[in-house]
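Trainee: A single structure is presented below for examination.
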Amino acid sequence: MTAPWAALALLWGSLCAGSGRGEAETRECIYYNANWELERTNQSGLERCEGEQDKRLHCYASWRNSSGTIELVKKGCWLDDFNCYDRQECVATEENPQVYFCCCEGNFCNERFTHLPEPGGPEVTYEPPPTAPTLLTVLAYSLLPIGGLSLIVLLAFWMYRHRKPPYGHVDIHEVRQCQRWAGRRDGCADSFKPLPFQDPGPPPPSPLVGLKPLQLLEIKARGRFGCVWKAQLMNDFVAVKIFPLQDKQSWQSEREIFSTPGMKHENLLQFIAAEKRGSNLEVELWLITAFHDKGSLTDYLKGNIITWNELCHVAETMSRGLSYLHEDVPWCRGEGHKPSIAHRDFKSKNVLLKSDLTAVLADFGLAVRFEPGKPPGDTHGQVGTRRYMAPEVLEGAINFQRDAFLRIDMYAMGLVLWELVSRCKAADGPVDEYMLPFEEEIGQHPSLEELQEVVVHKKMRPTIKDHWLKHPGLAQLCVTIEECWDHDAEARLSAGCVEERVSLIRRSVNGTTSDCLVSLVTSVTNVDLLPKESSI
């Protein structure tokens, strides 16, 4: 009876020992960049790999094969990817890709690379000579497949639970979570509509991404239409916004807005590419943009109190971005006509911050263009986030003209400016914890009826604290805020006027103080604000 158990123990030990071998330490890789002049890097050399302590490092190579001529594209270090585990040689196995890619483990293992497509024919099985089977042989041949299969299942489950998706793949479980999240958002009930399954069509070409490995790293946000990932594109971080297929219309709308002539601006989110990934029912639609590590203005204000100069910088660059978005530019930098665009979901969550706190406008999924001689497209009235909806939107009494939509954006800007002031330490008084507009009045999840009662019927607005008005700059800014969220839409300021006012207020205050606390109320009148004739 001991022989079977001894054989089983021997077999299991050999399997475990085999799994412990093969992991080669990767410290350095061969480096090469065919686009070194354009990207301002070295052309070739050695690259030292750096990563997290519990992550594995690899080397990779990518190349083209044009009629038998090998054209090297990239070589270097590659992050933790289970497709590269225990590969001592750099071998590409795809049949006929546009760009070949291989990865391996071990120092300088990418010095040599090769293409070896997986064989399509049946495997050749070794048949031992017909001998009388012994008990040990029967046990070995019976338990070997079972043990190997068990190890594979356990390893696959562990990888699924602990590893990030490799290049070109997305965790479907995460995507379904995004879809469920999108259906529960604080917005209009009709903002999440399933669409019939159909191919969204080819996205515009994105050669920048097509030639470079893209690796998803972690989910940074869940929004109206899906998830936003932090990803790595070679040595740069990018943001990847992933839409499920039923939100194809939002993906197409945002892609079209980004593709509009003149959309390259320092205060608008930089667009990199739009792509379709997957097939059949697992199709995903990707928007790839610049990544900003400080995140949204909402997140930043939750964790940080800001100075007077920081407030002015964010407010000025934010209003500059919205002013440019609203502007109609007949001939923009040789790109063609840039039409006026209304954002329609302006809020602090959709304002991102660069490292120097320069504001960048994002999320153009609900934006609408106003081109001469063309209908503006879907101008459904009640869209956006409820608590930022203007009174006329809550009432359903919108004039479907360009200026009406721009004034709706300006009401929301007034609320975002209030959020900035509420977290500024310039005034001589306490700085409260961060709160969303109307959170103090009607909580974190207001209904449409509650907002109609507070905003439309009672004409209430977020509270302006008395001690804010004792600082000359904040007092003038509060006047500007009140003129942005005016109940009369036609009386609201334009984004360009807000930008000019903030600049003027900052210069006037900083001309006499250096971000210090000023308590003279009379000094508020020292600077004349721009007249309301500057409104839209």
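If you go along the chain as it appears here, the first residue is 1 and each next one adds 1.
The backbone N, Cα and C atoms fix where each Cβ goes, glycine too.
Not measured: the values here are computed from a predicted model.
Heads up, here are the entries from Swiss-Prot:
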- Asp345: active site, proton acceptor (ACT_SITE)
- Asn42: N-linked glycosylation site (CARBOHYD)
- Asn65: N-linked glycosylation site (CARBOHYD)
- 19-137: topological domain 'Extracellular' (TOPO_DOM)
- 138-158: transmembrane segment (TRANSMEM)
Trainee: To which of the glycosylation sites Asn42, Asn65 does the lowest count of other Cβ atoms within 10 Å belong?
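Mentor: Checked Asn42, Asn65; of these glycosylation sites, fewest Cβ neighbours within 10 Å: Asn42.
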Trainee: Taking the Cα atoms as reference points, how far is Asp345 (active site, proton acceptor) from Asn42 (N-linked glycosylation site) in Å?
Mentor: 43
Trainee: Between Asn65 (N-linked glycosylation site) and Asn42 (N-linked glycosylation site), what is the CA-CA distance rounded to a whole number of Å?
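Mentor: Taking the Cα atoms only, Asn65 (N-linked glycosylation site) lies 23 Å from Asn42 (N-linked glycosylation site).
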Trainee: Test of understanding: give the count of other CB atoms lying within 10 angstroms of the CB of the residue listed as 'active site, proton acceptor'.
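Mentor: A 10 Å sphere around the Cβ of the residue listed as 'active site, proton acceptor' contains 23 other Cβ atoms.
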Trainee: With H, G and I counted as helix, E and B as strand and the rest as coil, say where DSSP puts Asn65 (N-linked glycosylation site).
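Mentor: Going by the DSSP assignment, Asn65 (N-linked glycosylation site) falls within a strand, counted as strand.
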Trainee: What is the average pLDDT across the topological domain 'Extracellular' (19-137)?
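Mentor: On average, pLDDT over the topological domain 'Extracellular' (19-137) sits at 77.
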